Ligand code: S3P
């Protein structure tokens, strides 16, 4: 049974500061690289969300020793060639990043593995990863010719490819690059629009060599990676919910510490500024492997904007909460070129539009995004999260600006990326 929640706040304001939990994308990669590399890897600020715990669980089944002590994770590995063939199916839960990146990693081992996930993962397209991996020689089988889990992988010797990305996807790019480490040649990935570059940055931290030049990424196979320390910044995709809350709830001021502001992820900052948000940014260390900042947001007077083109991959996960923001902005906000939303944890165009409509928002779905007419006064309603963490959190934040209660059918899913979400929300609310 999943847990529903009724949220009712009477003229709240939000004040105070929080440190958002670790970045989901970077936490996954820290364990993956730590397991591939030889030696000891220590990770601080790890996200203890369900998705990242699924990644740890998969590597433990491959015989990698992983210890968790609060948000510190230690990985001891003798390197990828020392992994054991798992006796059990690798269960990736709700995590697309785990499933897709593991597919790339496992294809170049000498192991037979089977991967599956939850009902949402079972509907998400895997051919976008399996197809380029097959060009590299990977042996992958699964439902609908490898489109859907469960997937079986017979590890084999891979060959390098030169691949032009048909969609902007860091998961596809990363799966190819991770497989590229197991080839004899130079793997090249060409991106038309830049997607998050955490894999490229982290590879260097583990002593690897990778060149990135104007959207062309090249990586030589056969590199030896060595364990290291990874400091995981706070997740800007989690911070996004409080950035929007601070901007739309009257009399609010919220400070968010240690937020990752890697430019390939920070599109929301550009949009908030463009919409007139009262946001200040203090960069901690620009030269860190993953730069971080302290962000302060105050109640803002907002104007509509257009979100389209190459900014989309830099804020794709923030679109649900940006849609809520747009309901409070003056004018018509248009979001386009965001068809990737249809293949996330749920179809997020349908989910966002249907749920915000129930609250009285003036919003329409389009083929590749949505159109939102603001500002509109929202009223409480019964919402669905579709088992999608980011739709659940969008619903919870909406309750801060409705006079009547908002009920959300399933809030357990929020633990996928932000297990302390309600603690943080409660700590900021002054009623
Ligand atoms: C992720 C990449 C994005 C993002 C997802 C995490 C990653 O997906 O939406 O939440 O960690 O690489 P796509 O690569 O499919 O766009």
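Cβ coordinates are placed from backbone N, Cα and C, and glycine is handled just like the others.
Note that the structure is a prediction, hence the values are computed from the model and not measured.
Feature annotation from TrEMBL assigns domain 'Enolpyruvate transferase' to 13-425. Across the residues of the domain 'Enolpyruvate transferase' (13-425), the predicted structure has a mean pLDDT of 98.
Taking Cβ-Cβ distances under 8 Å and a sequence separation of 6 or more, the neighbours of residue 29 (3-phosphoshikimate binding site) in its chain are 101, 174, 198, 199, 202. According to TrEMBL, the feature 3-phosphoshikimate binding site maps to 24, 25, 29, 169, 171, 317, 344.
Cβ environment of residue 171 (3-phosphoshikimate binding site): 96, 97, 100, 101, 129 lie under 8 Å away, each six or more residues apart in the same chain. Annotation comment: TrEMBL describes 24, 96, 124, 171, 348, 390 as phosphoenolpyruvate binding site.
If you look up TrEMBL, you'll see 317 marked as active site, proton acceptor. Secondary structure from DSSP puts residue 317 (3-phosphoshikimate binding site) in a helix. The Cβ neighbour count for residue 317 (3-phosphoshikimate binding site), using a 10 Å radius over every protein chain in view, is 26.
With every protein chain in view, the residue among the binding-site residues 124, 344, 348, 390 whose Cβ has the most Cβ partners within 10 Å turns out to be 390.
For the phosphoenolpyruvate site, whose binding residues are given in the record as 24, 96, 124, 171, 348, 390, the maximum C-alpha distance rounds to 19 Å. In this structure, residue 25 (3-phosphoshikimate binding site) is part of a helix by DSSP.
Closest to residue 24 (3-phosphoshikimate binding site) in space, going by CA atoms and restricting to the binding-site residues 124, 348, 390, is 390. Here residue 169 (3-phosphoshikimate binding site) comes close to 128, 195, 313, 340: these same-chain residues lie at least six apart in sequence, with C-beta atoms under 8 angstroms from its C-beta. Ligand 1 lies within reach of 169 from the binding-site residues 29, 124, 169, judged by a C-beta closer than 6 angstroms to any of its atoms. Contacts of residue 25 (3-phosphoshikimate binding site) defined by a Cβ separation under 8 A and a same-chain sequence distance of 6+ are given as 97, 170, 196, 198, 235, 265, in order along the sequence.
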